[in-house]
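If you check TrEMBL, you get these features:
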BINDING   HIS206, HIS243, HIS274, HIS311  heme b binding site
DOMAIN    45-160  domain 'DOMON'
SIGNAL    1-22  signal peptide
TRANSMEM  207-228  transmembrane segment
TRANSMEM  249-265  transmembrane segment
TRANSMEM  277-295  transmembrane segment
TRANSMEM  307-327  transmembrane segment
TRANSMEM  342-363  transmembrane segment
Amino acid sequence: MASIHKLAWLLSLLVLSITATCEPCKSLNFPNNVNYATCKDLGVLDSSLHWNYHQSSSRVDVAFKKANATDSSWVAWAINPTSQGMVGSQAFLAFRNSSDATLKAYTSSVTSYDTLLEEGSLSFPVYSVSASYSNGDMILFASFKLPENTTLLNHVWQEGPVSNDGTLGMHSLSGPNIQSFGTIDFVSGKVSETAGNSKIKLRKVHGILNGISWGILMPMGAILARYLKAFDGRLGATWFHVHRACQSMAYIIGIIGFATGSYMARHNRHHSSHGCIGITLVCLASLQVCVAMFLRPKKDHRHRIFWNIFHYVVGYGTIGLGIWNVFKGIDIMEAREWKSVYLGVIICLALIALVLEVITWILPCINKPNTHSKDQADVVDQQIP
């Protein structure tokens, strides 16, 4: 019986950990020691929303958390009882004064796109509003009464810069900042995925697929082909099979990533240079595959030298274009953290290639050619088509 209780306890912990992983907002602890019954991770701007709904009084206690907030930025969360978007929003705002590190939280009614987000009352009763800031996390607390006979509302969240004199500046007009809206039902806890948020998720999938294929696997395949040849006598034709497998996987993933990009381009014609480079990459890679499969001459053929030149030029050209286009895609998404990670990956691959290049220059000096190694190399050549 004791073992059964232990097993049940472990299973409950597992379920709780999986739930927390699926919804990181559930694992947050707030400085005011308030527990919120419902929370949702919002799709953009590193934000989450937490709330308690009191049905008897139509009161809502809300905590809006914005991660990675800078010292000189303002954050806002708002509900819009009349329409979608910014105009008509009843906003709760907070910002940190960089000069004296004080926090200010207040309300503002947005009546036009030219708003200065000045302090003012809202169209419904507000009981309290406050904020906290710690380790880059800005949390906005608010307590208010929902408009009459309403639990399903449009909501908006946003961030923008704060000048040295405390003036709130305009938020960005691209990327996640124009996708941060949706609907929220305070009773059921359902937060809608707007069409904009769905597009952002598709863009992330597109970026991950193409970053892995053109940006990582393709360079890795070239590195493996070039430097595993130095161990021909020991590894046989392994380098060739590894190279072919790596590039084939990169090509398949790249085609899937290209398909997602083509789907998004049907609804968005911006960033044409990024798309044109993507089309060029697919054409070059497809040409490389077709030529390698159907037109590659034998190693002893007198025209093999021309095929080798074509293979190297197209291959390295595709890799260079692929890396460049990955960086262009990251800039379009305005994903600074992705850019740092990918730059680190490229630097690591370059350092590995540099070390292996030095090794390939040293090995011939250490291992003097002999008849046995020459025979092994001949066998390897016969294994490679």
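Using the three backbone atoms N, Cα and C, a Cβ is placed for every residue, glycine included.
The number of other Cβ atoms within 10 Å of the Cβ belonging to HIS206 (heme b binding site), over all protein chains shown, comes to 22. The highest number of surrounding Cβ atoms within 10 Å, among the binding-site residues HIS243, HIS274, HIS311, is found at HIS243. Pairs of Cβ atoms less than 8 Å apart link the transmembrane segment (342-363) most often to 207-228, out of 207-228, 249-265, 277-295, 307-327. Sequence-remote contacts of a segment are chain residues at least 6 beyond its ends whose Cβ falls under 8 Å from one of its Cβ atoms, and for the transmembrane segment (207-228) they are 235, 238-240, 242-243, 246-247, 249-254, 256-258, 260-261, 278, 281, 315-316, 318-319, 321-323, 325-326, 329-330, 333, 335, 338, 342, 345-346, 349, 352-353, 356-357, 359-360.
Among the residues the record lists as binding heme b, namely HIS206, HIS243, HIS274, HIS311, the two farthest apart have Cα atoms separated by 27 Å. Across the domain 'DOMON' (45-160), DSSP helix (H, G, I), strand (E, B) and coil residues number 0 helix, 65 strand, 51 coil.
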